[in-house]
Every structure is written in structure tokens, then in C-alpha cells.
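Colleague: Input: one structure, supplied below.
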Amino acid sequence: MNDLNDFLKTILLSFIFFLLLSLPTVAEADVTNKVNYSKDVIYQIVTDRFSDGNPGNNPSGAIFSQNCIDLHKYCGGDWQGIIDKINDGYLTDLGITALWISQPVENVYALHPSGYTSYHGYWARDYKKTNPYYGNFDDFDRLMSTAHSNGIKVIMDFTPNHSSPALETNPNYVENGAIYDNGALLGNYSNDQQNLFHHNGGTDFSSYEDSIYRNLYDLADYDLNNTVMDQYLKESIKFWLDKGIDGIRVDAVKHMSEGWQTSLMSEIYSHKPVFTFGEWFLGSGEVDPQNHHFANESGMSLLDFQFGQTIRNVLKDRTSNWYDFNEMITSTEKEYNEVIDQVTFIDNHDMSRFSVGSSSNRQTDMALAVLLTSRGVPTIYYGTEQYVTGGNDPENRKPLKTFDRSTNSYQIISKLASLRQTNSALGYGTTTERWLNEDIYIYERTFGNSIVLTAVNSSNSNQTITNLNTSLPQGNYTDELQQRLDGNTITVNANGAVNSFQLRANSVAVWQVSNPSTSPLIGQVGPMMGKAGNTITVSGEGFGDERGSVLFDSTSSEIISWSNTKISVKVPNVAGGYYDLSVVTAANIKSPTYKEFEVLSGNQVSVRFGVNNATTSPGTNLYIVGNVNELGNWDADKAIGPMFNQVMYQYPTWYYDISVPAGKNLEYKYIKKDQNGNVVWQSGNNRTYTSPTTGTDTVMINW
């Protein structure tokens, strides 16, 4: 009998061991590192359209559409549906390590006069309650625990720009933009006794200023310079951080002041830091320097519309070629300080689906392969792996009806998501173009000695590739996609030259070597902004298991935890400014520096600075400069601006909302700069002002 028990135990242990070996590689994803998504694959879900796991919480009446016949109405998707698709392996087998879900807060219940509803989650009513049609707080907690136990982070959408549709002259329009604080009415649009909203009409998108301080369409626009609204929104996001969210996608960042949003990010990073990225929409071919400035200075990353629009032009619409794509890769690497933290995509809820029919499936597969091997944090829009089609909103938000794990796209995502976890070149690497013409793009990602080489042929004919060079070591390399896109094997010689080969029509091949560094290399730092005492995480390779040191320029920081690939430290007590980070191992080996971490001068508040009677000639603008890093440290080249003078105040009064250290004695002056860079300083003594310890403020002076 004992022999039989021993035999059964052996069989059982062998079976358990086999199951453990069979777990997908993505289970290695680190859900505790909430500030680094470089190796992750995000899956964007419009919660109402993904899966209806609990029909009992569906709405009734005019706002619900049975079988989703009316795409403007609720269709039943909920958090239970997402939980089910984690538990049945659909999302984990796909290789997903982060979910971006619709804003979870309570939305308006009323039907818009045009037949629209708040199914999308962007018409907030109460940020401290759940949308009951998605689920209650118990459901949300189960979603978080289920995701985390399966190696998946959860990102929430967040709309601090506006509440819901409203009209100045009609209090019965939808719900009058009303906003509540855990059930208590804060205010509404037509009876705005606390001045919570802007009342400047709708934006015509004619300028950056106009888009910030006027309503986006008919949405009631928050006055973020109002202390009540400022504190309510910051309390609200901290409420959800305490619920365990791992990331935030901020809606409509182009339509809020950078100053207020920087103060928001400071609040988040001082409370519970998580990876945060914003939506700054760019059209096809559009390049906006203000977009790059925001990504570099606000404290958050952005959805990379330059990447998304360009890959669509090359592979979907065929209006651009690989020269254009390579130019985008090259230019954005210079324009974004942390290009690997920008969030890339091929389609989303605000543009038509990439797939347009079965004849385009190959292009979808190819685009996904490029997305998942390029720099940035890749995002898959729900259903793209099933070749869901649809034009613009709402056709691009159809319910997902099939969960087929055998589609080519599903398999490609799964394989490359796994490779992102195991080869640091995809998460952290630089990009080098190796072979290029209108139809062919061969590019190499490199981090230390880890290399991924990807080749794409978007033409309808086979192409002979000669004179290709690579950093891959000598040897034969098989296609990591296992010929799912007709890839081939290559032979690399000792000098890096690749033997000539045929790159098949409409094919993608991926070749790689993973060779983790034994000397320290920093791959990512998150967040890249914080005040003294904040916790940041340094990710990379070769740090060693024994503690060394992390330097901000030459100043050591307090170590919280240390491993070979991840270090957590506290920002040292240094003056506000920009510092280069480096890791020094216990063996006294120093890493290359990671550039320009911004140390804030303290807790941040948003202050509106304004000046009256500042007349200028055409081509001359007004700026502000002062005695802290947030005001440029008296460097005219780093002055804040150009200031605004059209909406909240009109010329010759100028104004600008700026994030400054709280409770700080500030000195500052205004300067005039012309288009040639000539500067005229405001005369007299430095102006002085003490910023508030919390909330917001406005300080106006005369020129």
C-alpha cells in the first residue's frame, strides 16, 4: 500500500511540475512594478463591449440595447466578463500583462437628446462611486485580485477635464453636468455657485489656449484653477489608487493646462506612484512640439499618435512608406526624452479599426508584429486579435462576439508578448535601421548584448536582401514567429554580415538573441519626476544581487530594495532641478547614466500667474522666470510660456497656470521675447509671492 501511495505521489508531483513548466512566460511579469510597463503588452477594453459576465447588472429601459443593436447605448459588458476571460485563459494565453479598462466611476444615467449614453465611461457623475452597470466595489476588488494573481496589471481611464454634456441655457439637458462627491452634490453647470466649471462656450480648436479653457463639444469643462475642484479630483484619483489600480490613462490632456496636470502627477507620485499616460490626439501626419514638451515636462507619458498614424498610413491606407516610418522612429527618439515609455498602438476607440475585412487580415498581422517589436509600450485594442472591423465611433466599438485563440493575430501577439518578457532589447533597446526602401524595413533593437532583428516586406513580391549587417552574433537564426508571416532563417557571419536571402511578399520575420548583461545597464526609470523622499524604481540588468548605490549626479540615494534587475530608492534631498542617474554595483562598476530625472522643489500646487498692461509688438510673447526650477531658475532660455491672452483674460493681460512648490516664497519677473530670441526684462525689483500650501491660487500684478 505504501509503495502505491509513493507511486501516486510521484505521478502527482510530476503532473504539478509539468503544469508549472507549461505556464506562459508572461506569468513572470512583475505586477508589483507599477511604474515600468516597458516589457508589458496592454490590452484596451471598452468595458461595456467586451463580455457580459453578469446580465443581472445590465441597465433597463431606453439606455440599454438588447444584443447591442444600437451601438450608442449600453450593451452589458462588465467587470465579471473581464474576470471570466482572465480565468478561462483567453487574456493570459494572449500574453496580456496589463488591462486598460473604461473609467470605472459612476456616469450619468440620462439619455442624451441624440440617443447617446455614457456606456463608454467618459461622462462622470461621481468619481467616488462605481458605474453600477460595470459592477460594484466587490466586483472591482475581485477584478483587481484576479488580474494580479494572473500577472496582469490594471490601468483605469480617468477624465479630469469634464463631467458630462450640459447647456448653459437648459438645466434639463442630460444631467446638467452635475458632479457629486460620494453622493453629495458639488454643483452643476447652469447653477454653478462654486464656479466649478468654465463658462466660455465651446472650443473651435483654433489654439492651444482655446482648447484648454473652453468646452470640448458640449461637455461641462472643469475650472481646474478652482480649489474645490482641484482637491476633489486629486482626492478621487487617490481613492482609486488605494483600491489598487496599477496605472492611469488620462483623457484629453491637450484640453487641460500642463501646470495643473503636473501638480496632479506630483500628487500621484507622492501617494502611490503608477505609470500614467495621457491622450493628446494627433491627426495623420501631424507633428506638434507642444505634444513633445508635455510628454517631457508634465510627468506623464502619452499615447504615441505619431507612431499609430504612421503605421496605419504605411500598412492600412498605403499613403506612406517605410522611409516615412523610419523618419518617425528617428525623430521621436530625439523629441521624446523617454521614448520607450510612450504608448503605441495601431487602432483604438477614437479611430476606425485597422482591419477592414478578411482581405486585410495579413496587414493587421504585419502591423501587430511591427507594433510588438518597436520601441514604446504596445497596446492592443480589444478585438483586433479577432480582426474586428468598423469605421469611426461607434462602429469601432462593437461588442466582441468571438474569442478564438487560433487566429493568426492571436498567435502572433502571444509569441511576441512572451518575447518582450524574455528579451530586454524589446523593452529597453535603441532602434537602428539596417535595411530600407519604400517596401522593406529591417530594424534592430539592442540593449547590451541582447538583440532583436525584425524584417518587414510590405510589397506583393519576394525581395532579395543583400548587404545586410547586424549585431547578432555569428550563427543561424530561425524566425521567432515560426513562419506565421512567412519568415525565414538567416545566417550571420563572424563580421555581422548576413548571407543574402529571399524576404517573401507581405512577410515579417523576427530573429533574436537574449544575452542579459552582467554589467549594470539602466533600462527604465519610473517615474521620471518626484520630490525628495519620493520612491522611484530603476529597472535594467546587471545590478547584481548585493547592494551597491544609485547616484543622482554624485549624490547617493537611500536604497529601499535591490535585485539584479530592479532597484527602489528614495529621491535624495537635493535642490530642485535635473539629475543624471547611475547605478554603481557592489563591485564598483558604474552604469551609463540615465538622463535628466526631474527633482521637484517640494509638494506642488497649481497657480495662475498673470500680468496686466503688458503690451507687445507682433511676434513677441510674454514669459515668466523665477527663483525655483519650476520657474526656470532665472534662466531666460528656460522661462515658462509663452503665456496666454485670449480666453480667461484678454490682451494686454497675460496669464499662465504653472505648477510650483507649495508654501514657498517665490521671486519672479516677466520677460518679453521676440521671434529672434531677444529678451526684455520687467523693470524694478523681483516680484515676490508665497504659494499656498494646498489648493490653487491666482496672483495678478501690473507690468
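Cβ atoms here come from the backbone N, Cα and C positions, even for glycine.
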Colleague: Can you tell which of HIS162, HIS293 Swiss-Prot lists as binding substrate with TYR122, TRP123, ASN215, LEU216, TYR217, ASP218, ARG249, LYS254, HIS255, HIS349, ASP393, ARG397?
Modeller: HIS162
Colleague: Write down the one residue from ASP221, ASP223, ASP242 that Swiss-Prot lists together with ASN161, ILE212, HIS255 as binding Ca(2+) 2.
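Modeller: For the Ca(2+) 2 site that includes ASN161, ILE212, HIS255, Swiss-Prot also lists ASP221.
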Colleague: For ASP218 (substrate binding site), which of the three DSSP-derived states applies: helix, strand, or coil?
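Modeller: Coil, per DSSP.
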Colleague: Measuring CB to CB from TYR122 (substrate binding site), give everything in the same chain under 8 Å that is also at least six residues away in sequence.
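Modeller: For TYR122 (substrate binding site), the qualifying residues are GLN103, ASN107, ASP157, THR159, ASP251.
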Colleague: Considering all pairs of residues in TYR122, TRP123, HIS162, ASN215, LEU216, TYR217, ASP218, ARG249, LYS254, HIS255, HIS349, ASP393, ARG397, annotated in the record as contacting substrate, what is the maximal C-alpha distance expressed in whole angstrom?
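Modeller: Across TYR122, TRP123, HIS162, ASN215, LEU216, TYR217, ASP218, ARG249, LYS254, HIS255, HIS349, ASP393, ARG397, the two farthest Cα atoms sit 24 Å apart.
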Colleague: Of all the binding-site residues given, LYS254, HIS349, ARG397, which residue's CB has the most CB neighbours within 10 A?
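Modeller: Answer by Cβ density within 10 Å: ARG397.
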Colleague: Within a 10 Å radius around the Cβ, which one of these binding-site residues has the most neighbouring Cβ atoms: HIS162, LEU216, ASP218?
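Modeller: Highest number of other Cβ atoms within 10 Å: HIS162.
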Colleague: Considering every residue in the domain 'CBM20' (599-703), what is the mean pLDDT value?
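Modeller: For the domain 'CBM20' (599-703), the model's average pLDDT rounds to 98.
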Colleague: With DSSP as the yardstick, break the domain 'CBM20' (599-703) down into helix, strand and coil residue counts.
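Modeller: Summed over the domain 'CBM20' (599-703), the classes give 6 helix, 50 strand, 49 coil.
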Colleague: Through the lens of DSSP with three states only, how would you label ARG397 (substrate binding site)?
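Modeller: It is helical.
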